[in-house]
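*Asks:* One structure follows; several queries about it will come next.
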Amino acid sequence: MKKKNTENVRIIALGGVGEIGKNLYVIEIDSDIFVVDAGLMHPENEMLGIDVVIPDISYLIERADRVKAIFLTHGHDENIGGVFYLLNKLSVPVYGTKLTLALLREKLKQYGHNRKTDLREIHSKSVITFESTKVSFFRTIHSIPDSVGVSFKTSLGSIVCTGDFKFDQTPALNQTCDIGEIAKIGNSGVLALLSDSANAERPGYTPSEAAVSGEISDALYNSQNRVIIAVFASNINRIQQVIHAAAQNGRKIAVAGKNLQSVLQLARKLGYIEADDELFISVQDVKKYPKREVAIITAGSQGEPLAALTRMANKAHKQLNIEEGDTVVIASTPIPGQELIYSKTVDLLARAGAQVIFAQKRVHVSGHGSQEELKLMINLLKPKYLIPVNGEYRMQKAHSKIAEETGMKRSDIFLIEKGDVVEFRGQNVKIGDKVPYGNILIDGLGVGDIGNIVLRDRRLLSQDGILIVVITLDKQKKHLVSGPEIITRGFVYVRESEGLIVQATELVRSIVTEATETSNVEWSTLKQAMRDALNQFLYEKTKRKPMIIPIIMEV
C-alpha cells in the first residue's frame, strides 16, 4: 500500500514539561494519534495522602477512536506508571522492548488490571507501518536497560523522541547507544526533535556508570559492619553493580522491599541481572551472619529509596532497623519536590548511628545526558525544530541556549508548556490553541476524585486539627434539647483545656438560643453563625484555626 503524504503534524505535551516526571507526549499525524510514554510523578510534600500524580488524559479519551498506539521508551515509572490508567479508557496496542513490557505487566498486575491488553514487543531494529507514517526505534543508554528512542517518519520529515538518554563510552551491562542509527535518521531529515532536558543545566558530560562501581565497592570493603544500600527499584544497572560489588567483597545480599524483590526476580529471569542464587539470604536471616558479611539492598513500596530508610531510622520497619555502626549508601538523587525529605532522612540516619554516604561521593551518576551530550544529539539528528522536554522550565530554557550554540535559530526552538500544541502544516509551523491539561491525583483506588479543595482540607486538618459541634433541636418547637457537645481531634488536649471548651460551649449555646427565637431559622445560616463565632473566639484564645464542623440533629 502506497503511503500517503502527510498534510498536518501536531505535537502536544500533556506531561513532562515544566516538571520532572509524568511524561506523556502526543504525536498527531493527520488523523492518527500516537502516544509516547505515559508516566506518573511522585506527589509533592503538600499533596497530603496522595499516592501518585498522572497527567490529565481527557484529550485522548475524547479522541479514543483516533489513538493508534502507545510507544514506551523505557521502563521507569515516570514513563510507564500511567499506562494502567490509559488502558482503562483506551483499547490500543502498547509497544515496548522486552524489559519495558515485562515491568509494565508487573505494574498492571500490581494495580489489579484485568482487562485484555495488547502488548507488542519491539527491538531497536523494529519498524511498524501505519497509514501515514513508519515508526522505527534506536538504542539509547539510560539507567535502565532496553531503552530506546522513537522516530515517526512522515513526508514532512521525522518526528524524533529521544526518551531519557546519555552517551556513555563505558556503560553498564554492555549496553550500547546506536549512534550510527541516530545519524542515519538525521541524514534522512528530521522535522522536530523532542529531547531530554533533565541535565541541560549541567556542563560537560555526565559521568559514566563505571565511575559508580568503585565507590560502592569501597563502601562495602571499608565497613566492618552492615552496609545498607538504597536504590530506586527500577535502576537495574545500579542493582547489578551492588550485587557485583557485594560478591567481590564476600558479602551475602538481603533484599528489602516487595517492589524491589519483584523487579530483581524479573530482571534475573530475563537475563538483565546476573547473580548466583547462593549470594542471597532472606532479611530474616541477616542476624545469623557476621555484620561484616552482609549487604542489604532496599527500596520503598513505590520503588523510591527513602521511605524504607526513614522507617528503619525511626525503628518502625517490620524487619530491619538502623544500628550503631551501620553504613548507609544512598545510591540515588532526590525525587524533585522531595529534597527536604531527602535531607531529613540523612539527618535521621545519622542520629540513629549510621555513617551515611550520599551525594558527596560518586555512589550515583545520572542517567541523563549533560550539555555536551545534548549538543551531540542535536548535531547527529540535525532537526529543523527542537522541542526540549522532560525537564522543569529552567532546564528546557538551558536546553534552548545549548541548541543555539550548535547553530539553531531561537525561532526554531519551542519552549512549550503542558497543553501547548506545536502545529506543522506543510512548510508552516505555529503554536495552536491549548488542549485540556492538568494533574489527576491518585489516592488509593480513587482516580481524579481528589482536588485542590480536598488537599486544602487535609492541610487544615494536619495543621490545626478539627472541632466538631453537635446540637440537638426539638423538631416542632425548634428549641435546644441537648448539647452543645464539642469534640476535638488534633486541636487541643481536652483535659488541659477544659476552660476553653466550656467557654466555646457557652458561646455556641447563646448563638443557638438567639437564632431559635425566630420561627423560620435556616440550618445553613445557623451553622455558618456557629462557624464564624467559633473561628474568631478560638483564634483569639489559641492563635489556631481548626476545621469547624457543626452538626444539627432534630428529634
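Backbone N, Cα and C define each Cβ position, glycine as well.
If you look up Swiss-Prot, you'll see HIS74, HIS76, HIS142, ASP164 marked as Zn(2+) binding site, on the strength of sequence analysis. Positions annotated as substrate binding site by Swiss-Prot, on the basis of sequence analysis: HIS364, VAL365, SER366, GLY367, HIS368.
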*Asks:* Between the Cα atoms of GLY367 (substrate binding site) and HIS76 (Zn(2+) binding site), what distance do you get, rounded to the nearest Å?
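*Replies:* Between the alpha carbons of GLY367 (substrate binding site) and HIS76 (Zn(2+) binding site) there are 11 Å.
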*Asks:* Measure the Cβ-based neighbour count of ASP164 (Zn(2+) binding site), defined as the other Cβ atoms within 10 Å of its Cβ.
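*Replies:* Its Cβ has 26 other Cβ atoms within 10 Å.
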*Asks:* Let's check the environment of VAL365 (substrate binding site): how many other CB atoms sit within 10 Å of its CB?
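*Replies:* Result for VAL365 (substrate binding site): 22 neighbouring Cβ atoms inside 10 Å.
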*Asks:* With every protein chain in view, what's the tally of Cβ atoms within 10 Å of the Cβ of HIS368 (substrate binding site), excluding that atom itself?
*Replies:* 23
